[in-house]
Amino acid sequence: MRLLALQAQNFRNLHQVSLAPSPHATIAVGQNGQGKTNLLEALYFLATLKPLRAGRLAELVRWGTKGARVSGRFLLKGAEREISVEVGGGVRQAFVDGKKASSLEEYFGGVAVVAFTPDDLEVVKGGPEARRTFLDRAVFNRFPAFLKESRDYARALKNRNRLLRDGPAAEAAYLDAYDETLARAGARVYVRRRALMAELAPRAQATFASIGRTVDPAAYGYHPAHLAQEFAEVDEVRLADALLEALAGRRRRDLERGFTSVGPHVDDVAVTLGGRSARAYASQGQQRALVLGWKIAEIENLHAALGFLPLLLLDDVSSELDPERNAYLMGYLAASGAQVFLTTTDASLVRAAAAHDTLWMDVHAGQVAPRLLETGTSEVVRAPGPGEAPAPVGGVGHLVRGHVAEGGEAELRPEDPVSHGEEERAEHRPPGDAHEEAHPRAEQEHHPHREGHLAPAPELAEGHPHGDEGDGQEEPRQPER
Ligand SMILES: Nc1ncnc2c1ncn2[C@@H]1O[C@H](COP(=O)(O)OP(=O)(O)OP(=O)(O)O)[C@@H](O)[C@H]1O
Ligand SMILES: [Mg+2]
């Protein structure tokens, strides 16, 4: 898979971007607040139909305009295809070769992307919600059908919670029916998460061993809170039965509280180092290595499963990693042959990922243009092997190829009014990390998931090609992030 061309119009602060990326590294350099992450988000949104950061779709549309559009021309299994997505009025529409996509399968058609952002550190540092988001994005990357499946679960959860809020007045017969639907949808989520973890966890553990520089082994595990040890073996029908039983057992309590306290929306991923909680005990550097281990495992896993490398988006990660791990990552990227998009405020941090065909871009006030004076591109092309120290970074400079077809031509007007009036605000993540620590398996009273926000996404396969009303991702994040 290769992205041949990318275009974005009125996407966040990007007025008009049109570029032909390098087959290897494309590096966007710019000061804070210029639009680097927006560029990656445009690409991420195109490839997943989910925003990278936004809590709602309307945030993606450039202020003062009615709609945003992103399109990309991909080379997939020898054939070219163009996919595009438009957002306006809180809905999104997806197109394949200029025609409305008839299904998610048709739209994605083998496009895969893995993003790596500083927020990913939350997977170790943060609460269970951050880890579920992280896990579910990886599950979706591996099994695109999960976009719809997790949405089905979210809808079933929302329905049950609505009924629970009727309290004792809720009809038992209705609740029985809702429990049934929820249990079936939940079992599918379990099966997907389990399959992903079975592939990913051993790889992540091995990658961590080669970069973590610690004798303690890492472990990444997922186990539904209410299930006994046999989770690894039981089939989907029995998982549904077990969840149904757990729902029945909790019904009285759930009715009192008005939300569902058991199911995939409350489970957690355990990340441990030497058998101890990484969140509680691992050092900063170890936490970073644990995340890096997971991400590289995800890339390699997709490679093994799909037969090609996913597109990699790395947002400012070099400033988050220590020099040694950064050199490891850059060396890995250069050697992997993957098509990579990197952003940075400091070009020197990422030069080791660059080669003669690197496309360097300047991002300034929402305009993306070729960077003419880039020097110092490294010739490092080999990733360090397991246990091997990263190769030194440095090398001779190269001039960028001027690959930009068109830069932005109109001025950004950041002072344009933002029309948030018609929208609901994304629910805030509860600040109760300490609470989560004390009760890792307990549902949070005010947790967004109890409202079923697992994965609201367009249901192209169900005849709703216009998507939903704007809560465009599976985990509404805090708007300020
Ligand atoms: N919908 C929107 N319309 C117009 N501008 C927007 C919109 N959403 C965000 N912006 C603007 O985009 C800019 C932020 O862009 P972005 O997050 O890509 O910055 P960045 O280059 O990644 O910066 P940093 O280095 O700090 O991460 C901000 O100035 C913000 O006000
Ligand atoms: Mg940024």
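From the backbone N, Cα and C atoms, a Cβ is placed for every residue, glycine too.
What TrEMBL records for 5-355 is domain 'RecF/RecN/SMC N-terminal'.
Per TrEMBL, the feature ATP binding site maps to G30, Q31, N32, G33, Q34, G35, K36, T37. Here the Cβ of T37 (ATP binding site) has 22 other Cβ atoms within 10 Å, regardless of which shown protein chain they belong to. In the three-state DSSP scheme, T37 (ATP binding site) falls into the helix class.
According to TrEMBL, the feature region 'Disordered' maps to 407-481.
According to TrEMBL, the compositional bias 'Basic and acidic residues' annotation covers 407-453 (among others).
Residues or ranges marked as compositional bias 'Basic and acidic residues' by TrEMBL: 461-481 (among others).
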List the same-chain residues at least 6 positions away in sequence whose Cβ sits under 8 Å from the Cβ of G33 (ATP binding site), in sequence order, or say none. none
Candidates Q31, N32, Q34: member of the binding-site residues with the richest Cβ shell (10 Å): Q34
What binding-site residues among G30, N32, Q34, K36, T37 have a C-beta sitting less than 6 Å from any atom of ligand 2? K36, T37
When the number of other CB atoms within 10 A of each residue's CB is tallied over all shown chains, which of the binding-site residues G30, G35 has the maximum? G35
Which chain neighbours of the ATP site, leaving out G30, Q31, N32, G33, Q34, G35, K36, T37, have a Cβ atom within 8 Å of the mean position of the site's Cβ atoms? N38, T343, T345, V363, H364
